[in-house]
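Asks: Below is a structure I'd like to ask you about.
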């Protein structure tokens, strides 16, 4: 069984259909965004061209390097605080280490019969620390590691001497622990010399004990005289102060002997 469909007939316009041109779309140029306007007219415009962008960037970022000369350095050094490098104090003096004072104190201790106590008015710990490290170094050369023992004994000796002296002087005593550390440390110089000489002397002999007695008496005499002259109310108790100093330096001599 066939089914019929109603289809409208196609009607062509009159004339030649070939003469009717086809409407074709003409090609258009690619889209190019308009160049933005720079806010600052002094800044160059950087286009999308690589060559022009590189030249513009070079022109905009080029500058001359600063030149540093001797005049600039001297001017800046003189402008800071009004002092140049030649007028600045040495680094050791800024740290509170006076090498001349240490040398003068050390020379005054070398003569046990003529000690200048005026030099030791200003107490410091730079020289004592140097002598204690030297004493420990000579002990290390002898095969004995005594750095901790030396520092501990010096601290205990300073406290012991401080207590003994202030008990003898009463309320009139003006000796403090800092001055005790300074005096005991500087008077360690004879023990440092003894420790250095003991490296060349056979251990356990009579020569070592004789040297120990001489250097202990040397250190005791110097320390006693400095304590009596620098601290008040010490002259009447000179014997007791000398006995305390003798015990302190005898202990250090035992580190060298044994």
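Just so you know, glycine gets a Cβ as well, placed from its N, Cα and C.
Relevant sequence annotations retrieved from TrEMBL are reproduced here:
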type     : residues : note
REGION   : 1-45     : region 'Disordered'
COMPBIAS : 30-41    : compositional bias 'Pro residues'
DOMAIN   : 110-256  : domain 'Yip1'
TRANSMEM : 147-168  : transmembrane segment
TRANSMEM : 180-201  : transmembrane segment
TRANSMEM : 207-228  : transmembrane segment
TRANSMEM : 240-257  : transmembrane segment
Asks: Per-residue pLDDT averaged over the domain 'Yip1' (110-256) comes to what?
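Replies: The answer is 91, the mean pLDDT of the model over that range.
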Asks: Take the transmembrane segment (180-201) and find every residue of the same chain, 6 or more past its ends, with a Cβ under 8 Å from one of its Cβ atoms.
Replies: 105-106, 109-110, 120, 123-125, 127-129, 131-132, 134-135, 138-139, 141-142, 154-155, 157-159, 161-162, 165, 207-208, 211-212, 215-216, 218-219, 222-223, 226-227, 230, 245, 248-249, 252-253, 256-257
